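Notes for the one structure printed next.
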Amino acid sequence: MAGPVPTLGLLAALVVCGSWGLNEEQRLIQHLFEEKGYNKELRPVARKEDIVDVALSLTLSNLISLKEVEETLTTNVWIDHAWIDSRLQWNANEFGNITVLRLPSDMVWLPEIVLENNNDGSFQISYACNVLVSDSGHVTWLPPAIFRSSCPISVTYFPFDWQNCSLKFSSLKYTAKEIRLSLKQEEEDNRSYPIEWIIIDPEGFTENGEWEIVHRAAKVNVDPSVPMDSTNHQDVTFYLIIRRKPLFYIINILVPCVLISFMINLVFYLPGDCGEKTSVAISVLLAQSVFLLLISKRLPATSMAIPLVGKFLLFGMVLVTMVVVICVIVLNIHFRTPSTHVLSEGVKKFFLETLPKLLHMSRPEEEDPGPRALIRRTSSLGYISKAEEYFSLKSRSDLMFEKQSERHGLARRLTTARKPPASSEQVQQELFNEMKPAVDGANFIVNHMRDQNSYNEEKDNWNQVARTVDRLCLFVVTPVMVVGTAWIFLQGVYNQPPPQPFPGDPFSYDEQDRRFI
């Protein structure tokens with residue numbers, strides 16, 4: 001029986017202590033809000049002309065996304081509010097040494113700080129967490145929030161661009177005569193310094209895969225041209241200068257675009273007879289149009305600037321269109337014939353002699369008649385003389401029925417038939433009359449072959465002119481494509497964020513560069 005009695009006594013003591021602690025906190029709350037008559041609608045000042053100092057700081061936990069089409073920056077942040085409320089002061093010794101009191105945010109006065117440049121119509125902080133109140137009247141409120149802020153996008157150097165996205169906080173309820181916005185201060189070695197940067201905890205920060213943070217400055221802006229009675233007189237702005245990581249766009253957009261655009265040079269290597277020169281050029285043009293359509297869906301519909309990729313695609317499309325026109329002209333030249341066009345001597349000299357030498361084009365040389373051709377020509381004269389002798393000795397009946405008599409078994413003539421003696425003029429006339437049809441036929445064949453060779457040679461000259469134009473265009477288009485591509489994309493490579501957040505201000509607004517007060 002002795003064992004359970006001490007146990008029950010210990011439990012009773014714990015319950016009494018717990019109830020006493022709860023009673024002290026409850027008594028403190030009653031003292032602050034009921035006995036003192038706390039009113040959360042009134043500013044925590046003794047006189048009307050007094051100003052409440054509100055200090056702000058921002059902790060970035062995640063840069064979620066930047067939607068270029070909507071021009072919206074989505075961030076996950078913690079915004080720290082701090083101010084002095086003299087009505088919430090107490091003596092800790094009178095209330096069980098309670099130095100910190102956690103209260104719902106709807107029980108105390110709030111400065112109503114909102115994100116002025118929000119992009120979703122939600123000005124207020126959605127999650128109202130508790131406030132921390134110390135016995136000295138110092139109030140701290142650290143609510144988390146997911147902000148969707150407006151961020152004007154500059155597409156000039158896409159995808160080698162950087163953006164300056166800011167989060168502008170101000171009070172839409174109180175003017176500069178009622179509250180004074182400032183940056184929160186920290187102490188180090190008995191010296192205080194303002195937090196002039198966005199706080200990032202390396203352990204709690206999630207890095208974005210598309211953007212990297214270059215500068216994260218914080219600054220209080222006061223516009224003296226705006227009267228203090230206006231809510232636009234002052235604000236606290238947190239600047240996020242971010243740079244795009246272009247690797248994704250280089251692999252998926254730039255490299256395919258460049259490769260497809262340079263394929264247009266292969267058109268000048270295709271022979272005119274294949275009939276695919278224009279088809280290849282038009283296919284490249286269609287592919288560039290598809291890429292341009294994809295990029296237009298990625299960027300905001302703005303007429304302020306043209307992105308680098310858009311400039312390159314437009315440059316390539318203009319060049320490809322010119323190549324299509326050149327292909328049509330080259331095909332027209334290639335299929336020209338002597339029956340439709342005449343190749344002038346000036347064009348022949350320029351495109352068949354001068355330009356090929358400059359473009360290092362080689363053409364098979366024409367073969368000169370050699371000694372074998374002369375031997376063949378002299379030997380043919382012997383055949384002709386033998387034929388004349390044969391025709392002069394044979395009678396017409398034998399010439400006409402020689403084979404037929406052999407088929408019927410008739411003996412050949414042992415002696416040659418000779419015509420009665422005639423004058424030499426008659427013999428020559430008869431021989432001429434007999435040989436004239438054959439000679440005329442041979443002359444016709446020779447003239448026809450000569451005309452055909454001349455026709456083919458002229459047609460080959462037109463083909464060579466077309467090849468020369470192709471080679472000339474290849475030597476012109478390729479350097480233009482290379483220089484144009486390098487000039488366009490080097491603009492983006494050298495487009496870097498400024499070394500300091502604000503032009504003309506040498507201060508870096510970084511944790512390592514603190515300005516002590």
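Each residue, glycine too, has its Cβ placed from N, Cα and C.
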Per Swiss-Prot, the disulfide partner of Cys165, chosen from Cys129, Cys151: Cys151
Stretch of maximal Cβ-Cβ contact with the transmembrane segment (278-296) [cut-off: under 8 Å; candidates 246-270, 312-333, 472-490]: 312-333
Same-chain residues near the transmembrane segment (246-270), Cβ under 8 Å, at least 6 residues beyond its ends: 158-160, 210, 276-277, 280-281, 284, 287-288, 291, 294-295, 309, 312-313, 316, 319-320, 323, 327, 470-471, 473-474, 477-478, 481, 485, 489, 492
Positions whose Cβ lies under 8 angstroms from the transmembrane segment (472-490), at least six residues beyond its ends: 160, 254, 258, 261-262, 264-265, 268-269, 308, 311-312, 315-316, 319, 322-323, 326, 330, 355, 359
